[in-house]
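Participant: Okay, here's the structure, questions in a sec.
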Amino acid sequence: MTQTSAFHFESLVWDWPIAIYLFLIGISAGLVTLAVLLRRFYPQAGGADSTLLRTTLIVGPGAVILGLLILVFHLTRPWTFWKLMFHYSFTSVMSMGVMLFQLYMVVLVLWLAKIFEHDLLALQQRWLPKLGIVQKVLSLLTPVHRGLETLMLVLAVLLGAYTGFLLSALKSYPFLNNPILPVLFLFSGISSGAAVALIAMAIRQRSNPHSTEAQFVHRMEIPVVWGEIFLLVAFFVGLALGDDGKVRALVAALGGGFWTWWFWLGVAGLGLIVPMLLKPWVNRSSGIPAVLAACGASLVGVLMLRFFILYAGQLTVA
């Protein structure tokens with residue numbers, strides 16, 4: 001299979017913008033998951049000055065908005081997307097996803113607003129001094145903020161898994177119709193969130209590479225990566241032990257050709273092995289070059305995983 005035919009073939013329905021959309025949503029869900037867990041395990045490190053929380057403040061909602069814009073404008077009729085925003089169908093994975101996005105964004109904004117209450121009120125007093133409702137809303141959030149935080153964690157996990165459910169619902173593609181996908185995408189999303197957080201910590205001058213939050217992210221990163229490897233193995237073993245359609249899908253994806261090389265060099269090599277090899281360098285120096293190299297490789301690997309699953313998954317039709 002040539003590079004051109006690898007990205008353009010008859011059974012292809014969803015192409016590269018969907019892969020980027022899945023990647024961005026995973027980063028948001030991963031960052032929020034890590035941020036909530038940091039505040040639960042190390043409350044003193046999860047305040048408004050935390051680099052992880054500040055990164056989540058910008059990238060958390062920003063990645064979702066950018067991902068949705070890519071998805072909307074990629075549709076054949078993007079102006080009809082608003083109908084999905086108000087017409088829900090509990091039998092449609094896409095419709096349920098839109099509902100999840102709406103709830104996720106509302107809770108995320110409220111949760112972050114309370115954490116960055118002092119900054120928000122300072123901005124409100126400077127630019128909108130007559131808008132007193134902001135302070136009233138923040139006061140109402142005080143007694144329910146911990147419960148809101150628990151809901152935020154649940155929604156972040158659901159959103160991270162949803163990207164996998166979206167693909168696994170495509171029953172006509174044996175490769176994609178796999179129950180492992182939601183968990184795999186959740187783990188890889190947390191991995192990408194950790195990479196973004198560590199890059200932000202390395203860039204931010206006030207961030208201590210040996211701080212509580214940096215050590216927390218590093219400790220979370222290791223089991224998540226090993227979990228990702230286990231899930232990839234389980235994913236392929238499940239295909240190998242499946243029916244004829246799943247075996248054909250596995251052979252088409254990993255039996256040689258463009259997507260086989262893409263997986264072994266990009267996903268496994270660059271995304272998993274290279275960051276592990278660079279880990280001692282990162283631990284020794286904790287400088288920007290080391291962190292950028294290791295975390296950049298991890299992020300590219302996660303993006304390449306999304307491309308691999310999406311494109312290789314559509315090579316074989318049941």
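Any Cβ shown, glycine's included, is placed from N, Cα and C.
Annotated transmembrane segment per Swiss-Prot: 18-38, 57-73, 90-112, 150-170, 180-199, 222-242, 258-278, 288-310, in sequence order, evidence recorded as sequence analysis.
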Participant: Using Cβ distances below 8 Å and needing 3 or more such pairs, separated by at least 6 in sequence, tell me whether the transmembrane segment (150-170) contacts the transmembrane segment (18-38).
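Facilitator: Yes, the transmembrane segment (150-170) and the transmembrane segment (18-38) are in contact.
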Participant: At least three Cβ pairs under 8 Å linking the transmembrane segment (180-199) and the transmembrane segment (258-278), pairs spaced 6 or more in sequence?
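Facilitator: Contact between the transmembrane segment (258-278) and the transmembrane segment (180-199): absent, because fewer than 3 Cβ pairs are under 8 Å.
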Participant: Quick one: find which recorded stretch in 18-38, 222-242, 288-310 has the most Cβ pairs under 8 Å with the transmembrane segment (258-278).
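Facilitator: Per the Cβ under 8 Å count, 288-310.
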Participant: I need to check the long-range neighbours of the transmembrane segment (18-38): which residues 6 or more away from its ends have a CB within less than 8 Å of a CB in the stretch?
Facilitator: 45-46, 50, 52-53, 55-56, 59-64, 66-68, 70-71, 74, 108, 149, 152-153, 156-157, 159-160, 162-163, 166-167, 185-186, 188-194, 196-197, 213, 216-217, 220, 302-303, 306-307, 310-311
